[in-house]
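Sequence annotations record features per position, and here Swiss-Prot assigns FMN binding site to Arg53, Met54, Val55, Leu56, Leu57, Lys58, Tyr68, Thr69, Lys75, Gln97, Gln132, Ser133, Trp177, Arg187. The annotation substrate binding site is assigned in Swiss-Prot to Lys58, Tyr115, Arg119, Ser123, Arg183, Leu184, His185.
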Amino acid sequence: MSDTELTTSDFTEAAEPFRLFAAWLDDATKSEINDANGVALATVDAEGMPDVRMVLLKGFDEGGFVFYTNFESAKGQEILGSMKAAMCFHWKSLRRQVRIRGPVEIVSDAEADAYYATRPRGSRIGAWASKQSRPLESRFALEKAVAEYTARYAIGEIPRPKHWSGFRIVPKTIEFWHDRPFRLHDRVVFSRNAKGDWDKARLYP
């Protein structure tokens, strides 16, 4: 099946999800105004209360979908508490959606270090200065922390904070949705079976 076919209604014939996702993300990168890799990340807290926020997908392969964060943040703590999460991409310009659910793994230190090294210097300083999700008394307090860490790491490399790393959602299900007239949408879900292979099914819209 050609990449063109993968991005039309024929996507329902795709045999596995990752090549299809790559084709759709490529389309979104060309079509969306910005942040085609922006994704809604859903977690639950210790009381089972759901939470959701936008993050940026920073990598994917057959092993899963990777994003990075402060592990001391609300989302970091919620994920560490359950080691499960869900994602939803919605590309409005393409009228497409992809939903991903599964257990979560922590990326290796080597993988986190490699990505951290690609971030702008200001973003690496920010990873140290921001006590993410905790109360902030004023903007000045944040800017002061940024200035302090900028001075501390004025020379040489900025090390990655131990509390800053990446998570990988290992998908159990990946669902593709494409808008059709009269809400008669196309939906296809891939589910990983006990052998690690993908079972595919169409769903009613």
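Residue 1 is the first one shown; counting continues down the chain.
For all residues, glycine too, the Cβ spot is worked out from N, Cα and C.
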Alpha-carbon distance [Val55 (FMN binding site); His185 (substrate binding site)] in Å: 26
On a count of neighbouring CB atoms within 10 A, which of the binding-site residues Arg183, His185 is highest? His185
All chains considered, the count of other Cβ atoms within 10 Å of the Cβ of Lys75 (FMN binding site) is 23
The sparsest Cβ environment within 10 Å, among the binding-site residues Ser123, Gln132, is found at Ser123
Could you find out if DSSP has Val55 (FMN binding site) as helix, strand or coil? strand
Counting Cβ atoms within 10 Å across all protein chains shown, which of the binding-site residues Val55, Leu184 comes out on top? Val55
Candidate binding-site residues Lys58, Arg119, Ser123, pick with smallest Cα gap to Trp177 (FMN binding site): Lys58
